[in-house]
Amino acid sequence: MSNLTLAQYLQQKNGNLTPELAQVIETIANSCKKIDHAIQKGALADLLGSAGNENVQGETQKKLDVLSNDFLIDALKVHPHVGGLASEELDEFTPGQQDGKYLVLFDPLDGSSNIDINMCVGTIFSILPAKNSITQTQDFMQAGTEQVAAGYVLYGPSTMMALTCGEGVAFFTFDPESQTFILTSDAIQLDADTQEFAINASNQRHWEEPVKRYIDELLAGKTSVRGKDFNMRWVACMVADIHRILCRSGIFMYPYDLKDPSKAGRLRLMYEANPMSFLIEQAGGSATTGRVRIMDIQPNDLHQRVPVIIGSKNEVDLVTSYH
């Protein structure tokens, strides 16, 4: 693997990757470097613990949630090619620049409940084409198939970015010495079959019958119709769980459950499900709600929630068929 920097990689890409889009991606990456630095400081900079507020999702915000959100908004709202941006942490979208070509949506710090115990967290982003010279909320209501780029940054033992611009998936590793993201894997592909699954099993009593059936079969292992044993993994950070799947295949599930029937699912379509679905599909996997392809959903709200079943194609197809 050549030691291409993220900037060099973007310069070499064709297709729908315009120079303007490359600049937006680099701006997101630079903001994530700041987030990474803040996470590394942690308690030394008094950045652990709650900020004392709730976000639009009704979740208690961590100090690093707020700081990460500010880093991204401050950089993107003044970017000449960003017409508007939307954050999981804020109720309304933030206007960008008139005639900006792109809209950016992001979850600034996924898995923030892991912060105080020094476990993995991440940033997720999605980029859509802008529809008008002056952005309105309705301009964000685009299906996931309209995404021109998506990715995440995982803040783990090493800091890594996964990126797709619609032509496969690449991994970049952050080099703290040069302060650059370096291409370390290209053409990431999932196996169609797997023996690993990720789900929060504490919600089992609330699941629909198709999901209960599927998980029961996995847990029965060799003694079931599956004829093989499975291992369960759960990090409580979607970025970390999806990164594992991109590295060694698997299936991730946050299905519809009856714990709160007013919610169609737990994960946010625009900030989590769509960008992760784009990555997984570009790596040869599948992503559905259990009933429909996630990227075909027409959004009706910036903070719309959906069930998510995503990963190795044959497993996703099987559990979807049970619905």
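Using the three backbone atoms N, Cα and C, a Cβ is placed for every residue, glycine included.
Values in this document were obtained by computation on a predicted structure and should not be read as measured data.
Going by Swiss-Prot, these are the annotated features:
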- Glu88, Asp107, Leu109: Mg(2+) 1 binding site (BINDING)
- Asp107, Asp110, Glu272: Mg(2+) 2 binding site (BINDING)
- Asp110, Gly111, Ser112, Ser113, Asn200: substrate binding site (BINDING)
Task: Between Glu88 (Mg(2+) 1 binding site) and Gly111 (substrate binding site): CA-CA distance (Å) - done: 12
- [ ] Specify all same-chain residues, apart from the site residues Asp107, Asp110, Glu272, whose Cβ lies within 8 angstroms of the center of the Cβ atoms of the Mg(2+) 2 site, ordered by sequence.
- [x] Glu88, Phe106, Gly111, Gly122, Thr123, Ile124, Tyr152, Met238, Val239, Leu267, Arg268, Tyr271
Open item on the list: Please identify which of Ser112, Ser113, Asn200 has the densest Cβ environment, defined as other Cβ atoms within 10 Å, among these binding-site residues.
Closed with: Ser112
Open item on the list: Under a three-state reading of DSSP, tell me whether Glu272 (Mg(2+) 2 binding site) is helix, strand or coil.
Closed with: helix
Task: The one of Glu88, Asp107, Asp110, Glu272 whose CB sees the fewest other CB atoms within 10 Å, among these binding-site residues - done: Glu88
- [ ] Pick the one among the binding-site residues Leu109, Gly111 whose Cβ has the fewest other Cβ atoms within 10 Å in this structure.
- [x] Gly111
Open item on the list: I need the neighbours of the Mg(2+) 1 site defined by Glu88, Asp107, Leu109. Which other residues of that chain put their C-beta within 8 angstroms of the C-beta centroid, in sequence order?
Closed with: Asp65, Ser68, Asn69, Ser87, Glu89, Phe106, Pro108, Asp110, Ser112, Thr123, Ile124, Tyr271, Glu272
Open item on the list: Spatially, which candidate from the binding-site residues Glu88, Ser112, Ser113, Asn200 is nearest to Glu272 (Mg(2+) 2 binding site), comparing Cα atoms?
Closed with: Glu88
